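I have placed the structure first, in the form of structure tokens, so that the comments after it can refer back to it.
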Amino acid sequence: EEDMYRDAEEIEREKILLSETSFSEYKLSVAPEMDIMEYCRKEWRGNTPVAKRMRKGYEAVAQKFASIRRVRGDNYCALRATLFQALSQATQLPNWLQSENFTMLPENLLSKYDWINQWQLKQKLGRKMGEISEEIKEYLILLRKKWKNISEIKGPIEKQEACDKLFKNEEEEYSLYEALKFLMLNTAIELYNDDKNGRRVPVFSWLLFARDTSSNPCQLMHNHLNHIGHSGGLEQVEMFLLAYALQYTIQVYRLYKHSTDEFITLYPNDPEEDWPVVTLITEDDRHYNIPVRMCQETTL
């Protein structure tokens, strides 16, 4: 699947990687782990200022993590990396997944907002009224089932194997991303309504709805959420929305920001204390990979 964000240099690097990697391994959504500095040397061989900054960034990450897992570079990669990390360390079902009303979400939202019928599911652009509700409900049920099953696995090796297996099953994997996107829409609607009713909302919510292309949840769906995975990935402000939807803090090493205050960015930047933390790596705020094997305790 073409990544609409990649530039010529990235595509060239991918060709080199493809020539060195078996096709079946490349097709994995999350590749096997690799020593983080070995990966860096392979990716950033030149002496340009960008390459030097990237190497410095990877050296800093290597103080905390020993390995990296490359995430498949389509427009779902932010969702893929975040969900993979969340499931890899899950030890219990989050409260919002335990709610009795959770699976009724599509039906309840569609009863209030008929524009949600224009939600675009992957490769299914035409459907009858009512079908969307049932299909998204199935995706939400699948998300709860997989999260529950993986969180109940005690052994770290077995847990990792279960995650790897899930992310090799394309049909289930993409269904989970549709569930996440719908949860993001639900969160956006809640934030929008809270703001309209004079309740306090996080700053990113103002930024989300300050865009000309998403001044309300309907526009957000049409111009942004419907395109995620198809023709675009997550923008910065949507990383905040994903964090709020999952009630997770997403900690990102932004390598091109090395030696600035934004090198390690938190979504949200004022996280709830009881929210679990997942850690990602990005070179450009478009593609995300996963650091693994923590060397020492990471503190926020």
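Using the three backbone atoms N, Cα and C, a Cβ is placed for every residue, glycine included.
Bear in mind that TrEMBL entries carry predicted annotations, made automatically and left uncurated.
Counting Cβ atoms from all protein chains shown, Asp74 (active site) has 18 others lying within 10 Å of its own Cβ. Sequence annotations record features per position, and here TrEMBL assigns active site to Asp74 (among others).
What TrEMBL lists as active site, nucleophile is Cys77.
Residues annotated as active site in TrEMBL: His287 (among others). Neighbour density for His287 (active site): within 10 A of its CB lie 22 other CB atoms from the protein chains shown.
According to TrEMBL, the feature site 'Linear diubiquitin binding' maps to Glu262. Sequence-distant neighbours of Glu262 (site 'Linear diubiquitin binding') (same chain, 6+ apart, CB under 8 A from its CB) are Arg254.
Looking at Cys77 (active site, nucleophile) and His287 (active site), their Cα atoms lie 6 Å from each other.
Annotated pair His287 (active site) and Asp74 (active site), C-alpha to C-alpha distance, rounded: 8 Å.
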